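Let me begin by presenting the structure, written as structure tokens, before commenting on it.
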Amino acid sequence: MSNGYEDHMAEDCRGDIGRTNLIVNYLPQNMTQDELRSLFSSIGEVESAKLIRDKVAGHSLGYGFVNYVTAKDAERAINTLNGLRLQSKTIKVSYARPSSEVIKDANLYISGLPRTMTQKDVEDMFSRFGRIINSRVLVDQTTGLSRGVAFIRFDKRSEAEEAITSFNGHKPPGSSEPITVKFAANPNQNKNVALLSQLYHSPARRFGGPVHHQAQRFRFSPMGVDHMSGLSGVNVPGNASSGWCIFIYNLGQDADEGILWQMFGPFGAVTNVKVIRDFNTNKCKGFGFVTMTNYEEAAMAIASLNGYRLGDKILQVSFKTNKSHK
């Protein structure tokens, strides 16, 4: 998870200016920065609006900052828009506050939660330790059910530390297994990112050439390679029983399964790769799929490869949604 919150939570937030700077939490994942600005401009003149995105993957982290010209408009925005329902989210609007060391690195990763626990249940469980800035429960993209994994960002690192001390190894109600509570890892510090940077961002590394790896770095099943070329449409769930399905868009016409294997293999166990081809030409139609067995490995692959330049193409990499791509 990116530390964008700490980096941006207090731009120009000193003295009276602090009463004009707002933090907006629980934004819909697909909301753009322009839409954020437009929404808050309905209250008064907005000096700046910033949607916070993951520094590696580029996707929205679900919160942003709006700085008004006047404190009066900022107050009106809180009174008017706090609690507003947007799509499936209820946004939270409040004053931002100055950044300091005590609020950095306060983001937790929780796994092993009962699948019946909702986002509200998780917040209720952890709220005793302090103010929760935002939270997210990961869900199966097909069923909408919890995957038993959540992220919680506290107001202060000390609050997060207390939560770890109290709940790591704890069995919550309805669970027969203890949960894991730890600080969320920053993808920028992950060794896989460094590996891929060395592997693909070197001047000599471009699409089409062989890549030499140690064999043990790949846990790939050749039986999983799907050479079907006649699909006009596919509908692969983001998480099927076989693993997590990743969608790769903007591949070149000459892309094949081998390049997907080479790109995703360093991140973990790949069980299936598929390039979607034109029925007549057998050329890649511009997209493909990779299935990985482990969520964290799949998420790291996405965080590292989304926006990666392959030849003259900039790839878009994300978890597969339910929508069919034709």
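Using N, Cα and C of the backbone, Cβ positions are placed for all residues, glycine too.
The feature phosphoserine is assigned by Swiss-Prot to Ser2 (among others), with a large-scale study or a structure entry given as support.
If you look up Swiss-Prot, you'll see 20-98 marked as domain 'RRM 1', on the strength of sequence analysis.
Here Swiss-Prot flags Ser100 (among others) as phosphoserine.
Annotation comment: Swiss-Prot describes 106-186 as domain 'RRM 2'.
Positions annotated as phosphoserine by Swiss-Prot: Ser158 (among others). Counting every protein chain shown, 14 other Cβ atoms lie within 10 Å of the Cβ of Ser158 (phosphoserine). In the three-state DSSP scheme, Ser158 (phosphoserine) is classed as helix.
Annotated SUMO2 cross-link per Swiss-Prot: Lys191, in sequence order.
Residues annotated as phosphoserine in Swiss-Prot: Ser197 (among others).
Under the heading phosphoserine, Swiss-Prot lists Ser202 (among others).
Per Swiss-Prot, asymmetric dimethylarginine is recorded for Arg217.
As annotated by Swiss-Prot, phosphoserine applies to Ser221 (among others).
The domain 'RRM 3' feature in Swiss-Prot is assigned to 244-322; the stated evidence is sequence analysis.
The Cβ of Ser318 (phosphoserine) lies under 8 Å from the Cβ of His59, Ile246, Phe247, Ile302, Asn306, each of which sits 6+ residues away along the same chain. The feature phosphoserine is assigned by Swiss-Prot to Ser318 (among others).
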